Amino acid sequence: MTRYIFVTGGVVSSLGKGIASASLAAILEARGLKVTILKLDPYINVDPGTMSPFQHGEVFVTEDGAETDLDLGHYERFIRTPMTKRNNFTTGRVYEEVIRKERRGDYLGGTVQVIPHITDEIKRRVVEGAAGADVALIEVGGTVGDIESLPFLEACRQLKVEVGSQRALFMHLTLVPYIATAGEIKTKPTQHSVKEMRSIGLQPDILLCRSEHEVDASSRRKIALFTNVEERAVIPMQDARSIYAIPRMLHEYGLDQLVIERFGLDAREADLSEWDAVVDSLMNPQDEVTIAMVGKYMELLDAYKSLIESLLHAGIKTRTKVNINYIDSEDIERDGTSVLESADAILVPGGFGERGVEGKIRTVQYARENKVPYLGICLGMQVAVIEYARNVAGLKDAHSTEFREHTPEPVVGLITEWLDATGEKEERTEESDLGGTMRLGAQDCVLTEGSTIVGCYGKKTIRERHRHRYEVNNHFLPRLEEAGLQISGRSADGKLVEVVEAPDHPWFVACQFHPEFTSTPRDGHPLFKGFVEAALANKKGS
């Protein structure tokens, strides 16, 4: 039988519920338990797929092609269980399903209400997503007290009543601020946050106390007294050197043992040696490199969360400190490429829309002509093709129809037909909705023998995740290949270009897929590892 841990947040948002949930899950997994994590998002969008990166940050793509919250990226980086479309749902998704049932007549003419219909649908999805796990952590987005979260919290309350307190508990993450002028931490915000929980019928069983400073024993006793939480269940969670040090921190405070005892589970001792090795490598690098990342969402780095972590993971695997220089592509358009001169390697990530595209194209040209290691991802591959077409193949008007609908030389165009993650044929037109209409999820890719990328992976057939609706136009491939561009990866059916490489260059790889979605701190990723190694070689050779 599955046990449920409902994770809520109080006082302020962005305290790190996702990291806390993932860290506890990692410890429980290290004790031999099968775990999973769900994220319940209270916004009315059906999914984050059409939301601006400035609003929401990264859209994380799962193996089965779901566009989900970036917290699912944290979950996959901390535990071995792959996330699916069942691990994340929103208010919009819930209401969409309930309204569909009402239109179909499933409610037999009854009045459709938040309770029981919306809460029942939430409970159904939680139980479905948690099926098969020994322990499921359910992270409720937002902050206790927000009107948007109320249906989710009520559904969690009901589910705990239904399964019993031996199979469910509430873990509340709250802020314990340090007031510098007073020289002490303050517990009052936590007390008020728990009071807010009680007002809707919820009593936390565990409190995680986020603070810049250690929450001392006397403060924990005070919190326990005024919140009706067992003292040993008031767990400090102060700022750490790295998020990957948090599993060890929480384990030393006894959080996992508390959960094991509460649920009556039989579990072995936690083996956190892999996490200790990750932190040791991260904190004791033997070299360092500087990567220039040229994108258009630099005002909110969460838009590139998985990518930033992937470079960090590559540094862990190579014992290299990876310094990232974040550069807005519009700055390249305005001021030129001199800002790239200090970089040991250059990366252009994915993105949407015309703004900043010419700056990315100029970045590619700089990397190609100056033999600087280059990694292009998604749009980063498309601009690499455009740059090569213009400056090497002689297609001076080369562009993408995403940015120039009537360009005379559309070297990148809309995909109209492809196979999805399950092998089913998908078709799209210019009139299709934006939401959920991209080529999404894991796809097989066949690499070319002798290419740089096959040297990274060490095998010819790989499987990586996609999120795009534009592709290289096959009509122009003969002209591009004649000019020297190497097509070093194609889709399994051979119809879509997945990887290109530039000739006579030490390391120039551009891929249509998103390798950052499968990188983890314990395993790294072969493409990012190869990229950082190329940056090291360039640094030492310069």
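Glycine too: its Cβ is placed from the backbone N, Cα and C atoms.
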Record says Gly351, Leu379, Gly380, Met381, Gln382, Arg469 bind L-glutamine. Source is Swiss-Prot. Which of Glu333, Glu402, Glu449, Glu482 does it list for that same site? Glu402
Listed in Swiss-Prot for the ATP site shared with Ser14, Leu15, Gly16, Lys17, Gly18, Ile19, one of Asp64, Asp69, Asp71, Asp106: Asp71
Glu516 (active site) sits from Thr190 (CTP binding site) (Cα to Cα, rounded, in Å) at a distance of 36
Please state whether DSSP places Lys188 (CTP binding site) in a helix, a strand or coil. helix
Please tell me which one of the active-site residues listed here (Cys378, His514, Glu516) sits closest to Lys186 (CTP binding site), measuring Cα to Cα? Glu516
Using only C-alpha positions, which one of Cys378, His514, Glu516 is spatially nearest Ser13 (CTP binding site)? These are the active-site residues in the record. Glu516
Would you find the one among the binding-site residues Ser13, Thr190 whose Cβ has the most company, meaning other Cβ atoms within 10 Å? Thr190
Lys186, Lys222, His514: which of these recorded positions has the highest Cβ count within 10 Å of its own Cβ? His514
Select one residue from Ile147, Cys378: among these recorded positions, choose the one with the most other Cβ atoms within 10 Å of its Cβ. Cys378
One residue among the recorded positions Lys188, Glu516 has the fewest other C-beta atoms within 10 A of its C-beta, namely Lys188
